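Q: Can you keep this structure in mind? I'll have questions shortly.
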Amino acid sequence: ISIGPGCNFIPTIQHETMHALGFTHEQSRADRDKYLKILINNVKDFAIENFLKLQLTDALDYGVPYDYGSAMHYNSHSFSKNGQPTMLPYIPMYEKTIGSKSEATFLDIMVLNLYYCEDICLNKITCKNNGYQDPNSCERCKCLKGFTGRDCSEIERNSLCENQELFADGTRKLLYVDGEKDCVYHIKSKSGNRILIEVKTVSINPTYDYSCRADNKLEVKFQSNKTTSGAFLCEEATQQFISENDHVMIRYTSTKFDNFAEIYYQLQ
């Protein structure tokens, strides 16, 4: 694996290493047209091959859902020849998730384990909250960020984050987070009741031109499947989300003391 000038940082090294391990770009998945509009007329001629869709016979997805935050995903203006977008997510809330230069996500690592390590553990175990059996320690599960424990049944705690389990009812409540920390909050409601999330203000820096940085962002997981990356926000004001089920996960990640986010939540 050769790393050229300007590429010597962890997300890019992981991206190129994942290519060497067999990964293709996320935006080339066979199902990408359900999630992404490719604006091929805006792409530089030499880069068009990076935007071509592959068939499942050429690139398996192992049943793992499309992940806007994958380390293998380009940003909205990658290889643009005219300053216009080269791709846009059909769900606009994810525009600043793609190209966040994330390190390998939960689903990226899951695909690696499915391909290289699925047959290592002979005795299968049950994992909760979307976790899966850890091939390096077969008696334990690999957990989604926000969960922990042998079977991923416990909430991952951080003393800097105060109350991380919140309950949504008919009253409008405030979640205010600031400073340098990495916190996951679980907002739940009574079974079957959807939740309204209003991100009133978020100011998290530094950012990239067209996306938030994975290490400095507010992530809202409002969809039912919590394994996929959520919507990233970093400098927006008043963005609303309606959950698909009775659980929303919010992750605040900041490396600067003056970053903050103001979030309101209640029943939809």
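Heads up, residue numbers simply count up from 1 along the chain you see.
A Cβ is built for glycine as well, from the same backbone N, Cα and C atoms used for every other residue.
Curation plays no part in TrEMBL annotations; they are all automatic predictions.
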Q: Regarding the disulphide bond with C152, report which of C143, C161 TrEMBL records as its partner.
A: C143
Q: What is the total of other Cβ atoms whose distance to the Cβ of C152 (disulfide bond) is within 10 Å?
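A: Total other Cβ atoms inside 10 Å, all chains included: 21.
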Q: Taking every residue in the domain 'EGF-like' (113-153), what is their average pLDDT?
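A: Within the domain 'EGF-like' (113-153), the model's average pLDDT equals 97.
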